[in-house]
There are 2 protein chains.
Amino acid sequence: MTPATLQLEKDFLTYVNKMTAYNEALGLIFWDLRTGAPKKAIEQRSQVIGTLSAELFELSTSDQMASFIAGLSAHKDKLSEVTVKTLEECQKEYDRNKKIPAEEYREYKILQSKAESVWEEAKEAGDFSLLAPYLEKLVETNRRFTHYWGYEGNPYNTLLDLFEPGMTVDILDSVFTKVQEAIVPLVKKIQTKQQPDTSFLHAHFPEEAQKKFSLEMLKRLGFDFEAGRLDEAVHPFATGLNPGDVRVTTRYNEHDFKEAIFGTIHECGHALYEQNVSEKLTGTPLSTGTSMGIHESQSLFFENFVGRNPKFWEHNYDLLKEFSSGQFDSVPIEDFVRSINESKPSLIRVDADELTYCLHIIIRYEIEKGLINGDIKVMDLPKIWNEKYEEYLGIRPENDAEGVLQDVHWSGGAFGYFPSYALGYIYAAQLKKAMLKDLPDYEELLADGNFKAVKDWMVKHVHQYGKLKKPLDIITDSTGEGLNPQYLIDYLTEKYSELYSL
Amino acid sequence: MTPATLQLEKDFLTYVNKMTAYNEALGLIFWDLRTGAPKKAIEQRSQVIGTLSAELFELSTSDQMASFIAGLSAHKDKLSEVTVKTLEECQKEYDRNKKIPAEEYREYKILQSKAESVWEEAKEAGDFSLLAPYLEKLVETNRRFTHYWGYEGNPYNTLLDLFEPGMTVDILDSVFTKVQEAIVPLVKKIQTKQQPDTSFLHAHFPEEAQKKFSLEMLKRLGFDFEAGRLDEAVHPFATGLNPGDVRVTTRYNEHDFKEAIFGTIHECGHALYEQNVSEKLTGTPLSTGTSMGIHESQSLFFENFVGRNPKFWEHNYDLLKEFSSGQFDSVPIEDFVRSINESKPSLIRVDADELTYCLHIIIRYEIEKGLINGDIKVMDLPKIWNEKYEEYLGIRPENDAEGVLQDVHWSGGAFGYFPSYALGYIYAAQLKKAMLKDLPDYEELLADGNFKAVKDWMVKHVHQYGKLKKPLDIITDSTGEGLNPQYLIDYLTEKYSELYSL
């Protein structure tokens, strides 16, 4: 490598560090807005967000960036792996941002922000027709963008790639059909069965006690409190500002402790991922989860494969009893475990249980794929939505607020995002299967509260790589095969057949 | 005004908005670091601070800024008042930053940060000699800077001007001599008198209850919780990110509730100032307190002239009893008020009472003036410090940790800052006197809990202007005269003569 290239690599990494710094500042601002910034802060804070975002956009599309890409791409074989992957990330973003005419991009940003506030009104009023014209424009713009960006096979592939690099319609069609064909009959059978008693789950559980229990749960699962914190948020989330500062949030419902505890365990999964990305990636865009789907595999793994596993509660049920106000004292652990694994079709995605969740996602996938390909018209959405819910889940929304208007994603222009949730489940089941080979005593580890071995396995096979590896490489390298929904299907079939004596 | 100048003014204000946005982002980052960022966040967060600060420095010293200054200064008579004052602030900063050679500035920044960490060690070890070489360099650099910047009369004037625009050695010498000559004899007399019983102040007062009381107190004083919040910090402070987001912090000592409550009232004074700066200044550097001294006048006014006034407690003592655990139930309000107004010389500035506080400041003023003028050598500091404490306060530190090493200011290179604290007292007494003309029933207002009239007076005469007015203009316009220490002297003499039957 010539001294000039060496210097260029150095300058590039310094430049990228600067972009990472802007991202981190923005991350902190968003965390603050969602956890406790005073109401009147928002107007001026939006200016700050605008300024920093504009600077970041400028950095990602500058002539300087273009010359880094041009100058370094020719020498990839001589650059460090971190530089090469960082360069590829930067190039992807550069292309994505540069290929859209600036004026169209600006208009789209305005449209997005308007549509999100119209969505709030429309949901409030339960009136899809308010949102429809905005949604039409959003779909149309996204279709146009896929042409600017280019696509292989199907325009929707390009949108999928934004959230799950490498994912395609062909793969998803095949995978989701298998999942749906396996789950729908299970769901239907369960509806003929007796549901468990869950009344004790709704006894009063004071917020302060839930908070203490959540903190203890995070500690037990290996969350590093020197590198993170727990706060409250209306819409819980986790955010990795840097590997030394990963923040989770939860919310406390005093009459349904499940929200806080399973929410906390879910976000803990995301957080463990962010806390354990290798330090050598710090300051680069690689220092975060590799995709939405892999991220979700971590949160869902911890929420369901750990948190809803009966063995997990063998270790933690006493702690729950200690922190709650006597509501579980006369409930045998079997009944408790049964109650937190109740499966019951719901209209609302975020309230869905482990078994039915994927069906909510598949409905959304089929619809958004149709929208982007022009097979579905925006005006027909409520009808199609309701029919699909009836078909897959056996229930029908009574209004659009509990139907097509329930999620913010499409109003924000996020088409291609939903599949990640279901992919997360599928990945999680695959990882669990692979983990069992290394940790055959998995169930005993949970029963003994030895979560460290489980976490360490994830760090070794998933977390440490950040974005150094693509999602499918993570899965292939750690499980020995590509995306395969069979493990999830087997897991759900076995678990729910036993729970409901099917 | 020509269209070109009009456009230049518009561009300038946009440019300044951008600088304000960077400042706000940095403000949030510092707030976060001081209130609860996890330990391991710091390393990477420092990079973020470095990036944003460098960008801000670049913006303040750019060629673009130079051409705004040059292009607009010729048309001041045609520009809005906000633009003119903003321009003057920018010019001041530009000159200050440009006159120091870049390399020297960089070295100074490194020296500052090293000296602060050495100070921590030195204080821990009680060993001034560790810090001395760094302090020597800091003094020497500041002396050099005053020559780059230029000064009138006395190099120290230039440093004073950084914190209290317009303040000079001539003014301070005269004012501080009067204060000292009046206070020292009072302090000496009090030492021959019986001290009040204060034991009940130290009974156990649970943190959670103190927090609730502090929140209620902020509400009663007019703090707007839609435009701010209360958090905990080891070293309490208030920070105005923008007028809609002003954050106060306090700390809870379960065996000395005074720390939290008077700390909260003190920070509330700062916060009310920042919350009530006129909205027309938002987004400019004028949207904050006009000087350290005027800021401190607000915090000290609320802490002492309101919070330590017996009438204030006529309204609030019941609330205190309600939140505490019975410790005040048998204490008559007169005894309580007496106890929170105890005056007793202390070695530590931050523990000082209302009467002796100014003497701590005058000692520091005399020393730092001597350092900058070359009349005092760094190596002689411990000796001089201890002698002055003996002379003014009648007590002598036993080691440097409780003497010359107690404050961080000098290690951070902040020479010229200390006088602001005493100026704040003097201003506060002047403002109180002027307020009495408009609100002759001041004492009844406090007794009735009608703090709104008091706050509104401050908003009208001080808060709303932000940096539109210079500190001395604020005082002259609202009191009808310039800086005058007599009101503080009268207030303290009267109050403490009565309290201690002198």
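Every residue, even glycine, has its Cβ placed from backbone N, Cα and C.
Keep in mind that what you see is a predicted model, and the values were worked out from it rather than measured.
What TrEMBL records for this protein:
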BINDING   B:H266, B:H270, B:E296  Zn(2+) binding site
ACT_SITE  B:E267  active site, proton donor/acceptor
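Between the CA atoms of B:E267 (active site, proton donor/acceptor) and B:E296 (Zn(2+) binding site) there is a gap of 9 Å. In sequence order, B:A238, B:G240, B:V248, B:G289, B:H295, B:Q298, B:S299 are the residues near B:H270 (Zn(2+) binding site), counting only same-chain partners six or more apart with C-beta under 8 A. Counting every protein chain shown, the number of other Cβ atoms lying within 10 Å of the Cβ of B:E296 (Zn(2+) binding site) is 25. For the residue listed as 'active site, proton donor/acceptor', the number of other Cβ atoms no farther than 10 Å from its own Cβ, over all displayed protein chains, is 27. Counting Cβ atoms from all protein chains shown, B:H266 (Zn(2+) binding site) has 23 others lying within 10 Å of its own Cβ.
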